[in-house]
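Engineer: The following block contains the structure, expressed as structure tokens.
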Amino acid sequence: MVSQGGGLSQGSIEENIDVEHLATMPLVSDFLNVLGTTLGQWSLSTTFAFKRLTTKKHSSDISVEAQKESVARGPVENISQSVAQPIRRRWVQDKKPVTYSLKDVASHDMPQDCWIIIKEKVYDVSTFAEQHPGGTVINTYFGRDATDVFSTFHASTSWKILQNFYIGNLVREEPTLELLKEYRELRALFLREQLFKSSKSYYLFKTLINVSIVATSIAIISLYKSYRAVLLSASLMGLFIQQCGWLSHDFLHHQVFETRWLNDVVGYVVGNVVLGFSVSWWKTKHNLHHAAPNECDQKYTPIDEDIDTLPIIAWSKDLLATVESKTMLRVLQYQHLFFLVLLTFARASWLFWSAAFTLRPELTLGEKLLERGTMALHYIWFNSVAFYLLPGWKPVVWMVVSELMSGFLLGYVFVLSHNGMEVYNTSKDFVNAQIASTRDIKAGVFNDWFTGGLNRQIEHHLFPTMPRHNLNKISPHVETLCKKHGLVYEDVSMASGTYRVLKTLKDVADAASHQQLAAS
């Protein structure tokens with residue numbers, strides 16, 4: 001059980017099922033392979049689209065289903081061949097494990113020569129990185145210990161594929177950080193306590209609430225045609241879009257159903273059809289954010305696209321220092337004044353980039369049909385509601401207000417979670433990276449509902465597949481872990497979070513003013 005003080009009252013990580021060993025047992029893995037082939041065949045081409053459509057700068061989806069599909073089925077020849085015949089298998093050739101130090105592994109951090117560490121074992125993924133179903137997000141952990149990010153985002157069947165790239169064992173000069181050990185023990189404890197299991201009735205209730213919101217919005221303009229009614233209906237539609245955004249987020253993190261392909265199906269319905277954004281585009285962007293929140297490279301070029309907002313917004317003085325244009329500096333001097341207004345255009349930006357994603361020539365015909373077809377259904381129902389029920393220019397007013405309202409409601413919650421927190425260009429372990437870059441907003445009936453559970457953003461980043469209704473249960477244990485290891489657990493009111501975001505923007509704006517004067 002979980003102790004009140006946030007520690008472990010019994011058991012440890014060693015007492016749990018070893019998923020790595022389980023996944024490599026022939027009987028179990030064969031069963032999982034057959035099951036995955038039967039239930040999830042449809043999503044493989046979409047999974048591999050994520051990999052092909054990423055660049056070295058912008059990494060891709062590290063979603064659980066992508067890893068599961070790559071292990072469970074082998075219809076893609078280049079993947080199966082590379083897994084079957086990896087270049088390096090030193091442990092087989094030498095008949096005994098080779099040992100490596102952290103320094104040895106760190107020297108192999110290039111796309112053509114890349115090693116990673118997972119559970120004290122070293123893997124040479126040089127021949128696999130380009131074919132990684134999750135895309136180039138794997139690049140962010142070249143030469144590093146990827147134990148926690150791998151365990152957090154991958155299905156148990158993904159352990160099987162690792163065995164083909166095993167080249168030896170890690171020998172540490174120093175022991176693993178106690179922080180990481182205790183984080184792993186907490187994760188094992190939460191697994192035993194069934195906290196990764198979702199309440200289907202909870203999600204049914206959330207769905208019904210959303211249906212009632214959209215039904216009310218449509219009913220208002222069905223009965224009344226005044227501009228007051230149009231504005232009220234549009235505002236409710238914006239709220240509906242925001243709340244459906246949280247639902248799609250839950251499904252696409254595989255929080256709801258135990259079967260990953262079913263989460264994906266519902267995620268596509270809510271994401272593409274209801275909301276009109278490309279799920280593939282979103283995963284490409286969002287899962288990299290989870291792997292490298294607020295992280296930049298050595299030159300302070302953002303790795304996390306969520307902070308790649310120049311030339312309009314600069315989230316730190318280090319990012320500001322990369323700006324050379326005097327015109328940009330003049331704009332940035334006022335970023336704290338126009339920022340909240342800018343949030344209203346967030347959804348329009350996401351719709352634009354989603355549409356642009358579907359035009360990429362790398363997409364196969366099937367991928368184009370899936371993305372464009374489901375997104376087209378969104379525009380059909382959304383425009384039909386507006387133009388069928390409203391006369392004159394009122395449909396345009398209704399749609400514009402809906403988009404602006406939903407953009408603000410979504411964007412406002414997002415910026416509270418990470419903006420105004422540390423932006424860094426140094427290597428951090430998984431746990432330190434999540435906590436340093438993330439802020440919680442205090443729990444409460446309204447906050448929990450309005451933010452879709454993302455007010456517990458620290459907990460979500462540490463355990464992204466945990467259903468939102470369990471995040472408040474684990475927050476005392478996460479806070480205890482942070483305090484024990486001297487980490488700042490930022491848990492503030494919504495007003496305080498807003499103030500901290502705006503203060504950061506103002507501080508950077510002042511620095512932009514000084515920088516512009518110095519350049520004159």
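Note that Cβ sites are derived from N, Cα and C of the backbone, with glycine treated the same way.
Under the heading heme binding site, Swiss-Prot lists H132, H154, citing sequence analysis as support. Positions annotated as domain 'Cytochrome b5 heme-binding' by Swiss-Prot: 97-171. The motif 'Histidine box-1' annotation in Swiss-Prot covers 249-253 and rests on a curator's inference. According to Swiss-Prot, the feature motif 'Histidine box-2' maps to 286-290. Swiss-Prot lists 457-461 with the feature motif 'Histidine box-3', giving a curator's inference as the kind of evidence. What Swiss-Prot lists as transmembrane segment is 22-42, 203-223, 229-249, 261-281, 337-357, 373-393, 396-416.
Please go over these features one by one and say how buried each is and what sits next to it.
Structural biologist: According to DSSP, H154 (heme binding site) sits in a coil region rather than a helix or strand.
Per-residue pLDDT, averaged along the domain 'Cytochrome b5 heme-binding' (97-171), amounts to 78 for this model.
According to DSSP, the secondary structure content of the motif 'Histidine box-1' (249-253) in residues is 4 helix, 0 strand, 1 coil.
Below 8 angstroms of C-beta separation, residues 290, 293, 417-418, 434-435, 438-441, 468, 471, 474-475, 478, 489-491 of the same chain, each at least six residues beyond the ends of the motif 'Histidine box-3' (457-461), sit close to that stretch.
Within the chain carrying the transmembrane segment (396-416), a Cβ under 8 angstroms from the stretch's Cβ atoms is held by residues 221, 227, 230-231, 233-235, 237-239, 241-242, 245, 306, 340, 343-349, 351, 382-383, 386, 390, 439, 441, 450-452, 454-455, 494, 497-498, 501, all 6 or more beyond its ends.
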Engineer: Mind giving me a neighbour count for H132 (heme binding site)? Other Cβ atoms within 10 Å of its Cβ, every protein chain shown.
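Structural biologist: Within a 10 Å radius of the Cβ of H132 (heme binding site) lie 23 other Cβ atoms.
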Engineer: Do any residues of this chain, six or more beyond the ends of the transmembrane segment (337-357), have a C-beta under 8 angstroms from a C-beta of it, and if so which?
Structural biologist: 53, 241, 276-278, 280-282, 284, 312-313, 371, 375, 403-408, 410-412, 414-415, 501-502, 505
Engineer: According to DSSP, which kind of secondary structure is H132 (heme binding site) found in, if we only use helix, strand and coil?
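Structural biologist: Reduced to three states, the DSSP call for H132 (heme binding site) is coil.
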